[in-house]
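Chemist: The structure under discussion is supplied below as structure tokens; questions concerning it will follow.
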Amino acid sequence: MLVLLASTYTETMGLISGQYLCDLPGFGGLFCVIDEDMTVSHLLAFLLAVFSVAVPMMIWSAVLDENIHEDPRAWLASPMNRVKAGMAGIVYGAVIALEVVNLYTLIAQETAPNPFGGSQDASPMMDFLAQNQGLGIFVALLIALVNTVLALLTVRASRSLIQKG
């Protein structure tokens, strides 16, 4: 999921795409060891992908740590827990909004007219999503749901490995 999100964020992000990280003073040598062609937009796309993957994992980890899934009403009875739930909802909403905006940006880039007069060949899926934008929101929400389920499975698997080890 991290690779999928990082690649789509890289496709849609053009921010400072000409600035290579190797050229930066100080830490530039460290980035040259990793990848000489890495730009600032690659770094930002990777950080956004890590954010999109880590947030559901941290939320599931907190749910399982505090046994919220056993009795959510009792847990929400405390005002501080309501604040925690609200903040988690806001951050998770930011992840979903990021994925929806990213998909719409990718659709817009693929279907935008070419400035040189020729039509740009869009993939059939992007063309279909551009014509049915409600379906684009559904696809983005489906990706967020898959990300959430994978986060739950990852957290549960890591907990069972820790308990056995």
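Backbone N, Cα and C atoms are what each Cβ position is placed from, and that goes for glycine too.
Just so you know, TrEMBL annotations never went through curation; they're auto-generated.
According to TrEMBL, the record shows the following:
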type     : residues : note
TRANSMEM : 42-64    : transmembrane segment
TRANSMEM : 85-107   : transmembrane segment
TRANSMEM : 135-155  : transmembrane segment
Chemist: Given a Cβ distance threshold of under 8 angstroms, which distant residues of the chain, six or more beyond its ends, lie next to the transmembrane segment (42-64)?
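Modeler: Contacts with the transmembrane segment (42-64): 1-3, 5-6, 9-10, 13, 15, 21, 35, 84, 88, 91-92, 94-95, 98-99, 147-148, 150-152, 154-156, 159.
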Chemist: Which residues, given as numbers and ranges, are at least 6 beyond the ends of the transmembrane segment (135-155) yet have a Cβ under 8 Å from it?
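Modeler: Same-chain residues near the transmembrane segment (135-155) but 6 or more away: 1, 5, 52-53, 56-57, 59-61, 64, 95-96, 99-100, 102-104, 107, 128-129.
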